[in-house]
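Below is one structure, written out as structure tokens, with a few remarks after it.
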Amino acid sequence: MHDDHSDILLSVMSLMVIAVRTRSAATILAALDPEQVKVAKTFDVPVCVIAGAGTGKTRAITHRIAYGAATGKLDPRRTLAVTFTTKAAGTMKGRLADLGVVGVQARTIHSAALRQIKFFWPRAYNCELPPVSDSRFSMVAEATRRIGLGNDKALLRDLSAEISWAKVSNVPTDQYASLARADGRVVAGVSATDVGRVLAGYEAVKRERCVIDLDDILLCAVGLLVQHRDITEEIRTRYQHFVVDEYQDVSPLQHRLLELWFGDRNDVCVVGDPHQAIHSYAGARADYLLNFVADHPGAKRIDLVRNYRSTPEIIRLANEVLVNRMTPAEAPEHGRGVTLVSRGRSGPEPVYQALGDDASEAAAVAMWVESRHAAGIPWSEIAVLYRIHSQAAHLETALAQRSIPYLVKGSERFYERAEVRRSLDTLVRLVADEPGADPVPAFDRILTAQGWSATAPEGEGDVRQRWESLQALHDLAVSVVNDGTTTLEGLAAMFSRRAATQEAPVGDGVTLATLHASKGLEWDVVALYGMSDTMVPFVMAEAPAEMASERRLLHVGVTRARRDLWVSYSWSGGNRDRQGISRFLRGLPGTGEVTNRPREHRRRRRTTIIVCSVCGKALTAARDRKLGHHLACEVGVDPDLVERLRHWRRERAQADRVPGFVILTDATLLSVAEKRPDSLEGLLQVPGIGRRKADLYAADLIKVLHGSSDNQQ
């Protein structure tokens with residue numbers, strides 16, 4: 001009798017659990033639109049979600065996990081959610097916690113891989129995993145020093161990026177030069193052969209120091225899983241459900257690791273947007289996203305098209321940017337993304353402005369930004385975006401002249417900046433030494449020792465950026481104390497939590513950022529500065545794939561704005577020739593540009609095929625047509641002379657505080673070395689050198705070429 005009552009009780013409890021699950025599942029789905037509901041409810045087959053900008057992809061995938069947990073289709077403890085930034089992982093954890101889901105591992109791909117290899121490495125190889133070095137820059141510097149390339153910081157950054165590209169693209173060190181030439185990759189001022197030597201030297205420095213780097217984490221993980229199938233099966237048993245965000249940014253190395261994790265299971269959901277694929281230069285391959293359905297039998301594609309971020313006016317422009325004036329050669333690179341549909345209220349049309357020069361354009365942007373703030377928009381909800389870092393100089397000056405606070409968003413993560421690390425390390429020590437200290441005054445003493453003051457320093461550059469970091473720490477400390485944190489220990493704990501998830505403080509200032517750095521962010525008001533045809537598309541972009549990437553980059557910039565959008569360009573600036581507004585915008589309503597140039601200014605259509613003087617194949621890239629041969633084809637130019645010219649360019653670029661290509665591109669530099677002009681008139685015959693550059697550089701170039709400038713006319 002007792003057993004009968006127990007069975008009845010268990011049955012009732014089971015029904016109650018099912019009822020709770022049903023209500024919970026219904027509540028979860030109620031917060032989603034129809035396409036997001038499909039994402040949440042589709043299980044037992046691989047799922048590919050193409051999520052346009054602002055369409056709620058994070059909501060869709062976190063609710064998918066929550067719905068799966070509520071209905072028993074998914075075990076949170078056996079679920080791995082892979083992101084590509086620590087901040088995104090933190091956001092996902094927070095959203096899942098809000099939905100009552102616990103146990104999910106939300107990590108970056110590097111974090112997940114490192115956790116696995118640290119655990120399994122001793123078992124597989126009978127030794128500890130070498131430590132992960134955070135000083136790649138110093139190791140690259142040592143490698144370049146050994147082959148006599150110098151220690152220019154810009155060059156070291158470029159070489160560091162190229163080393164990473166080679167590793168994530170599975171390029172063997174001894175094959176780098178040939179593969180890089182075939183791929184058209186150029187590190188300004190350094191031959192492909194020398195980059196290969198740096199790559200080999202870098203690996204040697206790592207071996208000497210007994211360390212691995214960030215990319216090695218993934219290489220080690222792949223090697224471990226390939227060589228030890230028992231460990232692979234153990235990991236696949238541990239994780240049976242996968243969600244991968246930003247799948248358009250997956251590199252060949254990352255893709256290999258993910259496929260090893262997936263195995264042949266069906267419970268895989270990848271999310272991405274081919275129209276936001278802007279990291280191909282770093283090795284990302286959007287075709288892994290676009291080919292996912294074909295590569296995984298039975299997979300389903302679900303499109304998220306409803307944009308909840310921006311006004312219809314902004315979304316109309318974002319859609320037009322992707323197709324306006326697209327060339328037939330570029331079309332295959334366009335991808336198979338979605339056309340966005342705005343769900344927001346109507347707002348103002350984008351504002352277009354053409355200015356005479358960079359300084360005038362920056363002043364106009366500052367005035368417009370000030371007017372938006374006067375209309376009630378907080379400084380922190382305004383951003384000015386541009387193509388390259390060097391464009392920020394005029395903007396900083398113009399904003400400072402109007403006393404507009406601003407923050408420069410760099411490529412370095414906030415909590416990895418030296419002044420931030422030192423401040424927080426000191427805070428931890430102070431908690432042990434003075435646990436009862438008043439939080440804000442005590443923390444301000446730490447910040448002051450790092451160079452902080454209550455007023456911003458004049459001017460721009462590193463000093464200003466360091467002050468901004470420290471000011472952001474001060475503002476956040478004041479904010480959390482005002483919200484109820486009363487102890488130094490509580491302040492330190494708050495910073496520790498935020499650092500773990502890379503949750504940088506948001507200062508009360510206008511954000512200045514490159515278009516690349518703006519991805520994943522949004523503001524009420526956005527100004528796109530410097531949108532001339534030599535900046536977007538960037539002057540170095542020539543191949544159809546490069547042009548398509550530049551088009552997507554502008555699409556990303558436009559979709560950062562919620563309500564107000566400004567687009568401006570200038571007709572002259574620095575040593576760059578300008579050709580009006582970006583071709584991606586030319587002719588669109590409001591731009592003030594005609595689709596076709598007046599007849600006298602139209603470029604003549606090329607009716608003949610120009611072939612390489614060395615290999616005889618057609619020349620398609622502008623830089624190759626300038627040279628008369630492919631950049632990779634050897635023409636017997638004196639390598640010592642080329643190196644002397646590159647050395648001169650580096651020094652001139654440093655003196656002028658501009659990138660080296662602004663002085664002379666690699667193609668023009670090689671052409672100078674080939675033609676060896678000995679006069680101003682001779683220099684003017686070199687493709688890529690006009691009167692202005694000839695006047696500026698003739699004396700220097702002739703001296704490098706011939707040892708003196710006596711022949712200059």
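In case you wondered, yes, glycine gets a Cβ from its N, Cα and C as well.
Keep in mind it's a predicted model, so treat the numbers as computed, not measured.
The annotation ATP binding site is assigned in TrEMBL to A51, G52, A53, G54, T55, G56, K57, T58. Neighbour density for K57 (ATP binding site): within 10 A of its CB lie 21 other CB atoms from the protein chains shown.
Taken together, the residues in the domain 'UvrD-like helicase ATP-binding' (30-311) have a mean pLDDT of 94 on the 0 to 100 scale. Annotation source TrEMBL lists domain 'UvrD-like helicase ATP-binding' at 30-311.
If you look up TrEMBL, you'll see 319-563 marked as domain 'UvrD-like helicase C-terminal'.
Look at TrEMBL and you will find 635-713 tagged as domain 'HRDC'. DSSP labels the residues of the domain 'HRDC' (635-713) in these numbers: 53 helix, 0 strand, 26 coil.
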Check: same-chain CB within 8 A of ATP site center, minus A51, G52, A53, G54, T55, G56, K57, T58: A60, D273, L304, N307, Y308
Cβ-based isolation winner (fewest other Cβ atoms within 10 Å) among the binding-site residues G52, G54: G54
A51 (ATP binding site): tally of other CB atoms within 10 A of its CB: 29
Residue with minimal Cβ packing [other Cβ atoms within 10 Å] among the binding-site residues T55, T58: T58
Spatial neighbours of G56 (ATP binding site) that are distant in sequence (at least 6 apart) but have CB under 8 A: D33, Q36, L304, R306, Y308
Other CB atoms within 10 A, centred on A53 (ATP binding site): 25
DSSP-derived structure type at A53 (ATP binding site), helix or strand or else coil: coil
